[in-house]
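Asker: Structure provided below as structure tokens; questions to follow.
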Amino acid sequence: MPASKVLTDEEERVNERTVLLSPAAQAADYEAIAATKAARSLDDRDPQDVTRRATILIFLGVWTGVFLGALDTTVVATIFSQISSSFGASNQSSWLATSYLLATATCTPLYGRLSDIFGRRGASMLALTLFTVGTLLCGLAGSMETLIVARLIAGMGGGGLMTTSSIIASDLIPLKQRGFVQGLVNICFGAGAGLGGPLGGLIADRLGWRWAFLMQIPPLIVCFVLVFIFVRYRVPGQTGTLSQKVKRVDWAGSATLVIAVASLLLGLSFKNNEDYAWSSPWVWAPLIIWVVFTLIFGLVEAYVSPEPVMPLRLLRQRSIFFIALSNFIASAISFSVLYFYPLFFESVKLSTAGEAGLHLLPNSVALSIGSLVSGYLMRRTGKYWWLIVGSAGLPIVAFIIMVMLDRNSPAWLTWIAVIPSGFGYSSLITSLLIALISTADRADMATATGLSYLFRYVGQVVGVALSSSFMQSILTSQLRANLTGPGSAELIEKIRHTTSIVKDLPPDTQSIAIDAYQKALRAVYLLNGGLAILGLLCAFPIREVPLSDSFEEEEQRRREREDAQSTET
């Protein structure tokens, strides 16, 4: 019998019994390991053959990208007034955020199929390259128009940072541990989003707003190097020459999907950002284009594309359909909270913008804790269905509390109201991702992940647009019913668009404005509470699939499910 020795760090493999961040003590046949390594290059190895050290460095690279992507969005939200002032283009400032979100939402689903064709490294490097180039151009932009285009380029890459990191983690980590790892990813995202505002403001004040973008370039280069060196393994379908891979790309499906999603977001952005009426051609024309190209996209994916960018058969699976719908609803109500909960303090409590923003701090803390708790529970129990249902129910509790709030509500109640929403949302999206990965076939895992993120991003935009339209409609009707006389129309418009003037109004007028805002916001919370109930109902049809401790067990269960399905048919 050949002698055995303890594996070195380079030889150690990540498997079901290897704790990711602690030393392993496994013995193996050295000659067998050497023969295997000689026979297969790093680029030909399976994901489960990646060493523990390489796995840690891979996660360091992709998670830093996730952190910077989240940081970038809140940096821009903090400094956009300085940017617009420096260019004298405050009327265009809202498009700094819109262009980024537009590109992110449209490009996100493409990275799933691209990572299957060009490999995880190719897709991840593409995302990092676009995000880095776009961010660099933001720092060097000489006009607002150039900056908006640069944000569009950065968004094309930003859409892939989170998607490719999730796909890579699913390749390297067994399902039972995957939820906990996703919790760590969400903490990176939350930390970036939380630090972006104060850090961006500090740098902009000390060095100028351009350095808020340029400071991101060095760590992004480090991310690129780590991904280039260590993301080296093969996935099924990653074969052929470069020209053959390019021919496999679903260009028609990708183009029609991008046009459809972009048209939807543009129409909603014109309604939300520019305050156009629904009857305006700037709103309804893009929405008509969205409907037309959505139908064309469906036909292309069903009858034309041999390797569709988004296989429609995935949505014909009951669990995947309801997982996607749950992602859409959860993201819609979560972002409505981010936009319309601080508004309560500015318009009803007459707090400053800074004080209002502080009331989202419990939400941020709950977001971080929720993902970790759900990941830990899934690792311990190997189940997720009950976690999905429980998490989907928590936002309902939050909206019940919000509906009861008024100008006399105690401070402690206003601080805890958002906690169930933040905890429930982060726990829900983490458990939904694990449910998706465990339900989809291994060959569809990457495209299914891209599909999930598409529904999230579109849900964010639709949720804010729907809530904003609902609130403005009720706010306007309340103000018009109670404010009459000369100059009332102009005053109503000021109250609708500038909450800061409410505290400076005469007492009688101020009371009318506060009551109007309170009723409008209460209606928004009721609307989102209804959506939360719908989200809870969508959780029940999702099927439970036991989570595997190892890749071998996972593959065995997949084969058993396929055999059972073929027997049924």
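Glycine too: its Cβ is placed from the backbone N, Cα and C atoms.
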Asker: Using TrEMBL as the reference, determine which range in 12-31, 92-111 is annotated transmembrane segment.
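Answerer: Going through 12-31, 92-111 one by one, TrEMBL flags 92-111 as transmembrane segment.
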Asker: Please work out whether the transmembrane segment (92-111) lies in contact with the transmembrane segment (148-168), by counting C-beta pairs under 8 angstroms that are 6 or more apart in sequence and asking whether there are at least 3.
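Answerer: Taking Cβ pairs at least 6 residues apart, the transmembrane segment (148-168) and the transmembrane segment (92-111) are in contact, with 3 or more under 8 Å.
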Asker: Mind checking which residues of the chain, 6+ beyond the ends of the transmembrane segment (411-437), have their Cβ under 8 Å from one of its Cβ atoms?
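Answerer: Same-chain residues near the transmembrane segment (411-437) but 6 or more away: 166, 170, 175, 178-179, 182-183, 186, 319-320, 323, 326-327, 330-331, 333-334, 337, 341, 345, 349, 359-360, 362-371, 373-375, 378, 384-385, 387-388, 390-395, 397-399, 401-402, 404-405, 445, 448-449, 452, 456, 542, 545, 547.
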Asker: How does the model score the domain 'Major facilitator superfamily (MFS) profile' (58-547) in terms of mean pLDDT?
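Answerer: Here the mean pLDDT over the domain 'Major facilitator superfamily (MFS) profile' (58-547) amounts to 87.
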Asker: Sequence gap of 6 or more, Cβ distance under 8 Å, 3 or more pairs: do the transmembrane segment (180-203) and the transmembrane segment (320-344) meet that?
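Answerer: With fewer than 3 qualifying Cβ pairs, these stretches do not touch.
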